[in-house]
């Protein structure tokens with residue numbers, strides 16, 4: 001057996017390990033193992049690529065090892081330090097770095113084309129492809145990162161984004177054709193293409209509202225996978241091609257599934273009308289909200305049979321889930337049944353809230369998904385809505401003018417009493433007013449969620 | 001047309017088959033994922049896209065020891081992709097650890 005066949009065989013084994021890992025990641029019981037198996041596959045593939053024989057070049061191992069230690073170290077430390085609430089931002093940032101790598105490979109390989117290479121060749125096309133896709137993923141992910149952590153505001157947009165996007169895309173295709181029809185390599189055109197691709201990533205993500213960012217991140221993740229495939233085509237390396245395309249294809253599916261969870265189409269998300277058309281709906285007339293005081297609420301809770309908590313991102317950011325968990329424990333000891341009703345898109349990403357609650361030791365069995373939660377509300381005495389706005393907004397059901405119309409929501413108004421914890425009367429992430437606040441059974445508890453919950457906990461202990 | 005056909009040599013066709021088959025495989029694998037797992041899955045898939053690091057390794061290995069431009073580009077490429085790989089898997093692991101059944105006190 002010749003050595004290059006052996007290498008290909010070893011790569012094949014690592015591909016199989018990858019696939020098993022990814023498969024495991026898609027089921028709750030096997031997810032942890034799946035992640036480790038996928039990491040093992042990656043480790044194997046990297047080791048193989050380090051030792052596979054190369055016919056030319058001088059290996060330059062010190063450079064490789066140095067870069068791996070630095071990158072690996074930064075990755076490891078930042079993954080330990082990042083707060084659970086910051087996960088979506090982190091994923092987006094990591095993703096952009098992967099894209100950057102594909103882009104750099106594309107640029108470097110342009111420089112390495114041998115003298116007299118036919119520009120109209122697969123080699124040039126794959127270079128262009130890896131560079132373009134990588135660049136879009138890099139800047140797009142950075143914009144998504146900025147929007148999620150608040151350093152870029154939602155109203156940071158370009159004028160007429162659809163036209164700019166279209167023109168950039170046409171420009172990118174034109175430049176690619178120009179590069180390929182030149183008699184020899186024209187680096188000026190390559191840099192122009194690079195610049196335009198970087199710009200396109202920005203132009204593509206900026207018009208999209210912050211609430212849709214998770215969908216965009218998932219899509220960009222898919223794009224990075226395709227970039228890795230492009231780089232794999234440059235080297236005819238099967239594991240990069242297959243690994244990249246697995247991520248690309250699964251990313252598209254995941255993106256579509258996330259859109260379905262919000263009952264929105266992908267096109268709708270990409271054109272970016274949520275976020276942009278904020279505050280339009282909502283009634284003009286003065287409406288009255290009722291406030292509740294904490295002592296009354298404490299007593300009401302103690303004498304309730306069933307209480308449901310609807311947590312939102314506001315709760316997690318304030319790190320109030322720990323106090324929430326203590327209140328839950330205090331009420332349980334009084335014989336009150338406490339459950340959490342989790343909307344699929346609560347938090348910043350689908351499933352993000354489950355992660356955040358699990359972090360503060362909330363029992364997994366107490367988390368209700370959308371449908372069981374909705375069927376339990378009519379028999380629930382008190383629902384506490386904490387820092388969640390859009391996911392309990394009845395406009396999604398009855399106001400076709402509302403930007404969130406059609407999104408499945410938690411029907412908290414079917415419960416006997418609703419208490420909304422809120423800082424003020426501001427609108428939520430989607431920027432729409434919530435008629436729930438003016439409902440007959442609704443009372444408001446204004447103030448910082450963490451402080452309010454702290455006081456509530458004391459009152460429950462005293463009452 | 002001839003140029004296009006010249007593009008499609010045996011090797012390219014084999015790669016195209018690979019692309020098509022892996023796309024279907026990717027879709028099949030994900031199938032129906034519960035919402036709870038969307039975030040960890042996205043993060044895990046993200047780590048896998050760091051497989052691009054292999055390209056940067058090959059790039060550096062094939063470079064001459066004096067080709068500093070390629071070495072520097074490759075060095076940055078490896079470092080960035082390794083952040084993606086190590087950080088991605090570690091972060092996914094942290095998220096999934098949250099779902100571990102807690103010991104009853």
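Glycine is no exception: its Cβ is also placed from the backbone N, Cα and C atoms.
According to TrEMBL:
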type     : residues  : note
DOMAIN   : A:8-457   : domain 'NADP transhydrogenase beta-like'
TRANSMEM : A:6-25    : transmembrane segment
TRANSMEM : A:37-55   : transmembrane segment
TRANSMEM : A:61-78   : transmembrane segment
TRANSMEM : A:90-108  : transmembrane segment
TRANSMEM : A:120-143 : transmembrane segment
TRANSMEM : A:163-182 : transmembrane segment
TRANSMEM : A:188-208 : transmembrane segment
TRANSMEM : A:241-259 : transmembrane segment
Could you pull out which residues elsewhere in the chain have a CB under 8 Å from any CB of the transmembrane segment (A:6-25), counting only those six or more residues past its ends?
31, 33-42, 44-45, 48, 52-53, 237-239, 242-243, 246, 250
The domain 'NADP transhydrogenase beta-like' (A:8-457): mean pLDDT?
85
Under a Cβ pair cut-off of under 8 Å, which of the recorded stretches A:37-55, A:61-78, A:120-143, A:241-259 contacts the transmembrane segment (A:188-208) most often?
A:120-143
Which sequence positions outside the transmembrane segment (A:120-143), separated from its termini by at least 6 residues, show Cβ-Cβ distances below 8 Å to it?
92-93, 95-107, 109-110, 113, 152, 172, 176, 179-181, 190, 193-194, 197-202, 204-206, 216-217, 220, 223-224, 226-227, 230-231, 233-234
